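*Asks:* Quick one: the structure is below, and I'll ask about it shortly.
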Amino acid sequence: MSSFKNVLYFQAGLGVLANMVLLLFYIFIILGHRPKPTDLISCQLTFVHIIMVLTGGDILLTDLFELLNIENDFKCKTIFYISRVMRGLSICTTCLLSVFQAVTISPNTSLLAKFKQKLKKYMVCVFLCIWSFNLAFSTNRIFYVGGFTNVSETNQMQVTKSCSLLPMNIIIRGFIFTISTSRDVFLVGVMLTTSVYMVITMFRYHRQCKYLYSISHLRESPEKRATQTIVLLVSFFVVMYWVDFIISFTSDMIWMYDPLILTVQKFMMYAYPTITPLVQISSDNRIIIMLKNLQSKHQQRFFNKDFFFSL
């Protein structure tokens with residue numbers, strides 16, 4: 001299992017590094033330039049993914065708590081609560097990004113066109129609602145998560161090395177499961193619907209352009225590139241979500257986590273927040289241009305320094 005843990009460490013480190021680069025870029029764009037509305041959403045999503053990687057999987061933040069000698073019960077409640085909040089924020093923000101892009105590329109004659117300015121105007125309010133909802137929605141983790149003691153005596157379900165889910169009334173567990181699943185299914189459904197709408201819209205736009213211009217003169221617009229990126233991220237998120245859901249649902253039903261299955265779930269937990277920044281970095285021309293400029297400046301400085309010492 002040590003080799004699996006090394007893979008998880010590498011995956012988590014890559015995820016944090018890629019998201020940090022992307023977060024710095026968005027902060028630079030938001031503070032110093034005219035950001036696109038989707039930049040604000042992507043900035044929040046990137047921040048959420050950094051915290052998600054740090055708290056998920058019982059790896060990075062857990063090791064820090066152990067070094068600080070923090071009480072195990074408090075550590076487990078804190079990590080699981082933050083992890084659950086970040087998971088909820090990730091699915092809500094991804095859904096918001098998908099909806100916003102669908103509204104952005106919608107034709108002026110469509111019903112979605114009238115929401116273009118309203119979404120921009122109330123973006124901060126939407127962020128506050130998303131954060132408030134998820135902070136309140138995930139409070140059950142504070143009461144039903146604790147430090148692992150003895151599973152044979154207390155009927156706890158061990159989910160990490162030192163943390164476990166505490167037993168709860170079957171009605172309460174069913175209610176929490178129904179509410180959380182309904183929220184996730186609704187948001188995933190919205191993401192899939194907007195993704196299909198964006199694909200159809202871009203196909204129609206591309207077909208109309210063929211009648212007006214020759215194919216050789218068609219260029220890929222930024223909107224099309226952004227739409228393709230978001231559809232790809234949504235598709236990947238949906239696959240990762242359902243794998244995680246099946247594992248969590250099965251484990252809750254039999255009230256047991258197999259160590260190998262738990263490792264697979266941790267890998268899935270890191271997959272989306274690790275892949276997302278890499279896809280965004282590779283598809284955003286502004287980031288590519290900025291990185292090329294930094295590289296050319298570094299090479300120029302190195303050349304000038306080498307030329308100076310050669311004199």
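Keep in mind that glycine also has a Cβ here, set from the backbone N, Cα and C atoms.
What TrEMBL records for this protein is below:
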type	residues	note
DOMAIN	18-280	domain 'G-protein coupled receptors family 1 profile'
TRANSMEM	12-33	transmembrane segment
TRANSMEM	45-65	transmembrane segment
TRANSMEM	85-103	transmembrane segment
TRANSMEM	124-144	transmembrane segment
TRANSMEM	185-205	transmembrane segment
TRANSMEM	226-250	transmembrane segment
TRANSMEM	270-291	transmembrane segment
*Asks:* Among 12-33, 85-103, 185-205, 226-250, which stretch has the highest count of C-beta pairs below 8 Å with the transmembrane segment (124-144)?
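*Replies:* So the stretch in question is 85-103.
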*Asks:* As a test of reading the model: what is the averaged pLDDT for the domain 'G-protein coupled receptors family 1 profile' (18-280)?
*Replies:* 78
